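Q: I'd like to ask you about the structure that follows.
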Amino acid sequence: MARGCLCCLKYAMFLFNLIFWLCGCGLLGVGIWLSVSQGNFATFSPSFPSLSAANLVIAIGTIVMVTGFLGCLGAIKENRCLLLSFFIVLLIILLAELILIILFFVYMDKVNENAKKDLKEGLLLYNSENNVGLKNAWNIIQAEMHCCGVTDYRDWFLVLGENTVPDRCCMENSQGCGQNNTTLLWRTGCYEKVKQWFADNKHVLGTVGMCLLITQILGMAFSMTLFQHIHRTGKKYDA
């Protein structure tokens, strides 16, 4: 009975990590496509030029792909070294997530202050030749979230000139509508809009985060269960 349960656990872990690995491959592909087609897409901060949406997706995709590969191969081959590596990688990711969350809440005011400062400095790159991705990202955010600038529409005056904002800041978008127009604009800054979006969707985001946490803990538990079984028997069990 125990042997049958462990056999089921082995293949369940293999299947789960195979899906995990495929998702990682997909994310890596999307990240590479964004990097090639959009350049530094969503590189809002000049202080961290490598921290673009494309690079983040590539990094996350690579981590997911490597983790899924370790779990997949470790489960199907009943390899203790791979299973232990899978456990350690998940543990490091879990600890890193917890540390980042704690630091974020402890230094929330400083994070907000520095983020606004960096984003405003990033606006200066809006019309630069090598940052078409940043321009597209700002245009999409302002059009979709009905906002303008970082704190308000006046942030653009230092970039585009007095009384001039991107056309996507207009309530009714048209060619040249952002020039000498300070009335029919979205007046709320995008930073507050994004914060409000997170606040409005905190329950959904919390649920997703909890599901990820449970998935990581289960992955660690399953891998250690298989590891201990293989360690005790000293050989593979027949599947």
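Glycine is treated like the rest: Cβ placed from N, Cα and C.
Found this in Swiss-Prot, in case it helps:
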type: TRANSMEM; residues: 14-34; note: transmembrane segment
type: TRANSMEM; residues: 56-76; note: transmembrane segment
type: TRANSMEM; residues: 86-106; note: transmembrane segment
type: CARBOHYD; residues: N180; note: N-linked glycosylation site
type: CARBOHYD; residues: N181; note: N-linked glycosylation site
type: TRANSMEM; residues: 204-224; note: transmembrane segment
Q: By a Cβ-Cβ criterion of under 8 Å, what residues six or more beyond either terminus of the transmembrane segment (204-224) are in contact with it?
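A: Here the qualifying positions are 9, 12-13, 16-17, 71, 74-75, 83-84, 86-87, 90-91, 93-94, 198.
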Q: State the residues, same chain only, that lie 6 or more residues beyond the ends of the transmembrane segment (86-106) and have a CB under 8 A from a CB inside it; answer 'none' if no residue qualifies.
A: 17, 63, 66-67, 70-71, 74, 213, 216-217, 219-220, 223-224, 227
Q: Taking 10 A as the limit, how many CB atoms besides its own sit near the CB of N180 (N-linked glycosylation site)?
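A: N180 (N-linked glycosylation site) is surrounded by 11 other Cβ atoms within 10 Å.
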Q: In sequence order, what residues of the same chain, 6+ apart, have a Cβ less than 8 Å from the Cβ of N181 (N-linked glycosylation site)?
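A: N181 (N-linked glycosylation site) has long-range Cβ partners N163, V165, C170.
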